[in-house]
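As annotated by TrEMBL, cyanocob(III)alamin binding site applies to 51, 52, 53, 54, 55, 96, 145, 190, 305, 306, 307, 315, 337. The disulfide bond annotation in TrEMBL covers 64-107.
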């Protein structure tokens, strides 16, 4: 199911104040409802959506922003996951999923499409989520990491809790110092509302007739060329029992200075360094590493290629955004979430 991609598209479509021709939008909303059901029904034996709770939450949020009634069973699936702490995954932060779910809960309560008892449960779940986000704030000011921080900030904004929460101010300061991390349309779209004190919930109440047409195309700026070269140590790891030898690749890879991690992987593949191969998939957040040395990360098996800088620090950027420095060790680790 394309739950998350369609949900993001519908949120963006609503934010652009499209012409009042409901036909195409109504069809897309119907498809999103179908995907939500398929997402869940296809994985009852596993106890989680076919995609992820992140995408499932996005679907609920998008339906609510479009002011479409969401079935109580669909809502309670998310509430049960939040209550039992099922949003987390190995080696990564659950803040982004917590935040998207909390935004969906806040939207459902605000739009008054649920009964009083369910609304009370949604409020309680939102409070728990905000408390966990504060607990997840690191010394750097981020809620989880740089990309999950705008999502968390939107939750505090949507629930009018930002002024009473000192953690929000620290997160805003950290975000302002790291704006260069947001290089794709999808990540920028998450950060901009928070920087303006808004959340995705505000899309539902936009008065489109009063919105000025201020959109102008921008020419993308190419990153400046950096002279010289760097050498990066590239390591590929796979856990037992799938991979008895565990470390599948460990070689130095030369690349131009200023190259991205994706450029490093391409350099290793082009040079034929010990038959290194990889594949990526296009996503709204940029290229997603899907296969390395023939080993595929499969959503159905809840596996993904985790990106780390040695010895064990998770990267806060994707393969196309992170730019390694000379002598750095980069680890591609097949992990589960």
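Numbering starts at 1 and runs along the chain as it is shown here.
Placed from the backbone N, Cα and C atoms, the Cβ positions cover glycine too.
Unlike curated records, TrEMBL annotations are generated automatically.
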When the binding-site residues 51, 55, 145 are compared by other Cβ atoms within 10 Å, fewest goes to 145
Among 51, 53, 145, 305, which are recorded as binding-site residues, the nearest neighbour of residue 107 (disulfide bond) by Cα = 53
Alpha-carbon spacing, residue 55 (cyanocob(III)alamin binding site) to residue 64 (disulfide bond), which is rounded to whole Å = 14
Out of 64, 107, 307, the listed recorded positions, fewest other Cβ atoms within 10 Å surround the Cβ of 307
